[in-house]
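Right, one structure below, let's go through it.
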Amino acid sequence: MRELLSVSVDLAERGGKRVTEIAQAQLLEAKEKGKTKEGAKEMLTQGDLESHRAIVNGFLKTYPGITLISEEHENKPVDFNQIPDPNKQLEEVLRAVSSDQQIPLSNIAVWVDPLDATQEYTEGLYKFVTTMVCVVVNGEPTIGVIHKPFEKETVWAWVDKGHSPNLKKSSDVKPNENKRKIIVSRSHAGPVEAVAKKSFGPDTEVVPAGGAGYKTLEVIKGNVEAYVHVTLIKKWDICAGHAILKAVEGKMTTLEGNYITYYPKDNPKVDAGLLATIYNHYDYLKKLAPEMDTLKGKHKR
């Protein structure tokens, strides 16, 4: 598993390198691949596809037969001789994780988001862009890697084993009791702001942002107290952040308080909203509960 963690970090960064190279060369070739349930465009770029190839093919070369679930799909033949071997012994991982564990490959699945915040990527809002890898053991998010390619920052964690040196434990992140800050998607900041102020008080600040990976990291870093998402979201968007949250004793559930699993055959959609916190998770759920119908009602079509 420690080797798999090293490979996950290396490949997330490899995918991020392709994301930045394509942006710098202005070769995005953005196109619409569909629409969300709410009617917003879902974009696809060469950055998504090149990152997908770098990450997924790297895993397949290293672990033939491993179960992979990626946001993107491609059926082109691959010459694995042309793919560099990922680093299985990253020094940062070896220093931070002293013990190891062996788990049958059949119990493992890897969820990949090769480019989170594609819409923001096409708009040049690069700070929101991440590449993400999540290793799941028997449906449980166990290793999470979130890489911010334009800021050269990678945060990773293996639950109960270790984490990247730039990651703080929950005991080091103190909540601001005087003023709550809640991060939400740029596309629905308005409706959530009204509900947040009603639920938590008029001084509540709502921060609009792009990308589930970015927003979850803001919670983990203590820059905001909660991440609230009210529309459908996919599991590859949240799995890595969920694993890192678990490692620092945070929580991620649906807005109804249900735990989220990541079995390969699961429905990849989470349609009951999302709440991510470090502290006071059930207090947030309780205070949001009376406004659930309002939140969901505003986003039905």
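Glycine residues also receive a Cβ, built from the backbone N, Cα and C atoms like all the rest.
What TrEMBL says about this protein:
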- Glu71, Asp113, Leu115, Asp116, Asp237: Mg(2+) binding site (BINDING)
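Mapped onto this structure are the features recorded in TrEMBL.
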{"residue": "Glu71", "record": "Mg(2+) binding site", "Cβ contacts under 8 Å, 6 or more apart": "Asp48, His52, Val112, Asp113, Pro114, Lys234, Trp236, Asp237"}
{"residue": "Leu115", "record": "Mg(2+) binding site", "Cβ contacts under 8 Å, 6 or more apart": "Gly15, Val19, Thr45, Gly47, Asp48, Ser51, His52, Tyr121, Val129, Thr131"}
{"residue": "Asp116", "record": "Mg(2+) binding site", "Cβ contacts under 8 Å, 6 or more apart": "Val129, Thr130, Thr131, Met132, Gly211, Ala212, Gly213, Tyr214, Asp237"}
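Close to the recorded Mg(2+) site, the chain also has Val112, Pro114, Ala117, Thr118, Thr130, Thr131, Met132, Gly211, Ala212, Gly213, Lys234, Trp236: residues not among Glu71, Asp113, Leu115, Asp116, Asp237 whose Cβ is within 8 Å of the site's Cβ mean position. Cβ neighbour count within 10 Å across all protein chains ranks Asp113 highest among the binding-site residues Asp113, Asp237.
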